[in-house]
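Enquirer: According to TrEMBL, the record shows the following:
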type	residues	note
BINDING	A:THR160, A:LYS186, A:THR197, A:GLU283, A:ASN405, A:THR410	substrate binding site
ACT_SITE	A:THR197	active site, nucleophile
Number of protein chains: 2
Amino acid sequence: MSTLQNTEEIVEVNGGSIITPYGFTAAGVHTKVKRKRKDLGAILCDVPASSAAVYTLNKIQAAPLQVTKESIAKEGKLRAIVVNSGNANSCTGEQGLLDAYTMRGSAANAFDMPEHQVAVTSTGVIGERLKMDKIIPGIKDLKPMPTFKDADLFNEAIMTTDKVKKHACFQTMINGKRVTFGGTAKGSGMINPNMATMLSFVTTDADIEPDDLQQALNEVTDKTFNRITVDGDTSTNDMVVVMASGHAGNETLHPSHPEWEKFKKALQLTCEDLAKKIARDGEGATKLVEVNVLGAKTDEEAGKAAKQIVGSDLVKTAIYGTDANWGRIIVALGYSEVELDPEKIDISLGSIQTLKNSTPVSFSEEEAKAYLEQENITITVDLNIGEGSGKAWGCDLTYEYVRINAGYRT
Amino acid sequence: MSTLQNTEEIVEVNGGSIITPYGFTAAGVHTKVKRKRKDLGAILCDVPASSAAVYTLNKIQAAPLQVTKESIAKEGKLRAIVVNSGNANSCTGEQGLLDAYTMRGSAANAFDMPEHQVAVTSTGVIGERLKMDKIIPGIKDLKPMPTFKDADLFNEAIMTTDKVKKHACFQTMINGKRVTFGGTAKGSGMINPNMATMLSFVTTDADIEPDDLQQALNEVTDKTFNRITVDGDTSTNDMVVVMASGHAGNETLHPSHPEWEKFKKALQLTCEDLAKKIARDGEGATKLVEVNVLGAKTDEEAGKAAKQIVGSDLVKTAIYGTDANWGRIIVALGYSEVELDPEKIDISLGSIQTLKNSTPVSFSEEEAKAYLEQENITITVDLNIGEGSGKAWGCDLTYEYVRINAGYRT
């Protein structure tokens, strides 16, 4: 675990996760919805935590999203999040909604708390009913504990096609008090209705009101989870939930608090770390690709261009083939609906410049190929027309992606 | 060749192409820009033909597009289109523009016509200079003839990763005169800067003024070429050009001509046939996929939803895997930014219904799998909220797509 050297720092905490901030416990069990792996988990807080959430922009939204929205709307406080994998409870009609309420009610009973302090979510196959005869006893088996092992079991319980577990932890000082952010996530295909969805859960012991937490989460999500793409798809179940226990003892945070920006930055680092881990674990991926757009009219435009480039199948296959094919980058940029001057574009792969003022620069193909053989690739594009900048993350497109997604559901 | 049975009919002419309408000739030669295959071609008209064109929406546009726009802007008449493959003359700066003008000037000399009656276009690698020492002598070798063999050589000369040649021909009667439409196209990756671009050239002997032809082409393009996707990319060189010789002898067509709609329908059938042939020949494709959206608020919304579905990598891989995974179809629909009622959606694969009023319908997985093993797949989605309908076409996403596009450029 790193140690904070000064009050301005934000440090990464190795080996930390959702249980590192004060007040949180986690659990993961096997209910047999899935054959072998854990498939039901929960995160609990010892007090009603200020909570905020963002949801998929898909117009088709799974039943548990509606139930979770109702819970948070009540007073902005959660004490538990219960998640199952293996079944998304999406496109399941009226019965699906009843099942999501039953799942929430069972958890409220088991953990002895009001229903509206429980959030529920699901990830997995679309269009099939939840096996409630497995979920309900499973909830009773959940024994949340404040250890990394239990956070890891929770993470296992929410995985689908993910190959690696995804934890994040950052610390900083606010009002001289140490504030910790922990997080976990799943997601491999941006969506894969076979076994679907991007989910992330972030905990913190910061003291903050729900509305301010929601504002911070909205801003941070736009620059992190909304800036990754594996296959351009958007699930019916995507959800990010943040819970803040308040145990750090800082003066309650709000937008005019002198350390508001630092709080948001620490939350952003936590979310960015998880978002990049999802992109790197994209279905079939062999590389993490970061696109950094500079010199755009606005930060928003830069982010939009970055995401268009990182999402291009032709850019993704070129990176898989370690081919410094910058033509595909400028093409993706050109159809990104972002303001640009076609004569002013610079492109670099790592530190190797390939285009300057939209004119090809001669470079060593060998060096470029060697750079693209690395696991972390950065593409930098300078539009040279403004001060806006933004990043986006994705992965390469490989044979393995096709294999995973062409596989029959059953 | 089919025969028109009545004046209302529009019939497909087997074995027809760009030279079938009166007044047109074609040629294709090998200049050695490419190693083996033909790489330079031309279509000529014996009179200045009313001409119209649509161009890529990419903000980065290749040099020949600018030159062709200038030619057509002058008086809306073309007598020649000259095309090279193997090099896109894109992102080539000032020199690239000079090369495109030189290409136009050489053709004007060789064919003895004013420069502004010549259109030029290129398809191939981005960011490298055209080999003018091969193009200029090549233009002198072009000997356009009115035979299908020469139309086929022209088609060969514009191919890149295409596996099959693409010709279309339709006939109808206007004012009791037989009017013929011929067309050819190339395109395999929607764009593949390696060896890039979608191009299509349509000829007709209809009598029509350039402005009216442009209006018809705009409307038709929106429902045909703009409704196909292979990989969601948009090249810097995409172009469709129509030339109308007027030799059919009909009364000059215009929007209030009683057979204006029939003229547009015949043009649409020609363009749709070519567009579907491009989609079917998509890089690595094994199937043509048609998505037909009904019951949308407007035709435009239906087309947008259809294109979103047919472009989803997850739908494309499911079809490759012959997996009746309708969940991926509804997910793509949900993020298509089209108005819908989440409770009212019907989905069918061929004649097999899988979703009715957004509720899963039990169907035979075996039958569905057998249907998806066919080469032509139709997905029908009914939104049940309006009268709008629209189609889009694409192909499956396969290992071969990754292999082609991960291949090193050189």
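Including glycine, each Cβ sits where the backbone N, Cα and C put it.
Note that TrEMBL annotation is computational and uncurated.
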Enquirer: Binding-site residues A:THR160, A:LYS186, A:THR197, A:GLU283: which sit with Cβ under 8 Å of a chain B Cβ?
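Expert: Cβ contacts with B: none found.
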Enquirer: Should A:LYS186 (substrate binding site) be counted as helix, strand, or coil on the basis of DSSP?
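Expert: Reduced to three states, the DSSP call for A:LYS186 (substrate binding site) is strand.
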Enquirer: Using DSSP reduced to three states, classify A:THR197 (substrate binding site) as helix, strand or coil.
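Expert: The residue in question, A:THR197 (substrate binding site), is coil (DSSP, three-state).
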Enquirer: Taking the Cβ of A:THR160 (substrate binding site) as the centre, how many other Cβ atoms fall within a 10 Å radius?
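Expert: That number is 24.
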Enquirer: At 10 angstroms around each C-beta, which of the binding-site residues A:THR197, A:ASN405 has the fewest other C-beta atoms nearby?
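Expert: Checked A:THR197, A:ASN405; of these binding-site residues, fewest Cβ neighbours within 10 Å: A:ASN405.
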Enquirer: Let me know how many other Cβ atoms fall within 10 Å of the Cβ of A:GLU283 (substrate binding site).
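Expert: Other Cβ atoms found within 10 Å: 27.
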Enquirer: For A:LYS186 (substrate binding site), which residues of its chain lie six or more apart in sequence with Cβ-Cβ distance below 8 Å?
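Expert: Set apart from A:LYS186 (substrate binding site) by at least 6 residues yet with Cβ under 8 Å, we have A:SER85, A:THR123, A:ASN155, A:ILE158, A:MET159, A:THR160, A:ASP162, A:LYS166, A:THR197, A:MET198, A:LEU199, A:SER200, A:ILE278.
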Enquirer: Using DSSP reduced to three states, classify A:THR160 (substrate binding site) as helix, strand or coil.
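Expert: It is coil.
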Enquirer: Going by DSSP, give the three-state secondary structure for A:ASN405 (substrate binding site).
Expert: helix
